[in-house]
Ligand SMILES: O=P(O)(O)OC[C@H]1O[C@H](OP(=O)(O)O)[C@H](O)[C@@H]1O
């Protein structure tokens with residue numbers, strides 16, 4: 001049941017993230033920060049403690065939607081750790097400021113990352129993509145803006161076919177696009193210059209957590225000698241993995257894989273639908289961030305610089321202070 005304290009925008013955003021109407025790690029982060037902002041703007045809390053408690057409840061509601069993309073908790077951390085003030089008005093202003101700053105930084109980071117990624121692409125290059133990643137597309141967009149001619153082989157990316165979104169967006173950029181089924185990827189790998197994917201999370205050891213199918217693609221790409229680059233803003237770096245935590249892989253509903261008619265036909269056959277997989281760092285050539293490109297094994301240095309060794313969960317109520 002919806003929490004009556006929560007602003008309708010928080011509920012709506014949480015529902016849209018869970019149903020994947022809002023999807024892609026960066027768009028999810030922006031939506032979550034904006035939802036906290038809406039909660040702050042219209043909060044009717046009478047006391048500073050009440051205001052903070054409601055913002056944390058909104059954070060918990062958003063955090064509980066999807067488990068794999070770390071951009072979501074990183075967005076909540078950014079905003080909630082900057083919530084500061086002695087009065088409701090002061091607290092409200094701090095949340096609005098932090099949310100606006102976060103979204104602004106996100107936009108700038110993607111543009112900066114795009115410029116870094118574009119430097120790896122030469123005029124005439126052919127790129128293979130998997131799923132739909134706004135960070136990955138920013139690299140191709142920047143290359144096209146530099147006047148480079150780029151063509152693309154786009155994997156459709158079952159079960160939700162987000163490759164179709166990539167195909168349309170690349171076509172609109174003027175890229176020559178060929179759409180293929182996922183199982184055709186190996187056949188085309190010898191004829192592409194790069195595999196370019198996004199990331200939902202990057203672990204401290206440089207592992208790439210991305211849409212299911214990425215790891216098989218990366219192994220095949222290595223076998224064919226095709227370099228693989230992952231475009232990932234630093235909000236995709238997973239700080240919990242610094243202390244040994246693993247990244248939870250989201251299991252989604254079987255209805256994304258089989259329709260109800262097929263479900264009835266196949267009877268008691270189990271269907272599983274993992275949304276992501278883990279690509280070991282040795283299969284990834286470069287992680288492209290707004291801070292430059294990194295070999296996966298060195299990403300831990302950047303993570304320590306950005307997060308330190310400890311990260312909080314500012315959406316949790318401090319012990320003994322529930323309201
Ligand atoms: O942040 P951007 O680059 O847009 O997307 C990053 C990743 O998010 C997507 O996951 P989903 O479609 O939300 O399950 C894909 O796995 C994509 O590579």
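Residue positions begin at 1 at the first shown residue.
Every residue gets a Cβ built from N, Cα and C, even glycine.
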Further binder of substrate named by TrEMBL next to 23, 24, 25, 26, 66, 210, 211, taken from the candidates 155, 236: 236
Cβ-based isolation winner (fewest other Cβ atoms within 10 Å) among the binding-site residues 23, 66, 211, 236: 23
Extra residues within 8 Å (Cβ to Cβ centroid of 23, 24, 25, 26, 66, 210, 211, 236), substrate: 27, 28, 68, 69, 71, 133, 198, 199, 200
Number of other Cβ atoms within 10 Å of the Cβ of residue 200 (active site, proton donor) across all protein chains: 29
Three-state secondary structure, which DSSP defines for residue 211 (substrate binding site): strand
Pairwise Cα distance maximum in Å, substrate-binding residues per record: 23, 24, 25, 26, 66, 210, 211, 236: 14
Integer Å distance between the CA atoms belonging to residue 131 (active site, proton acceptor) and residue 200 (active site, proton donor): 11
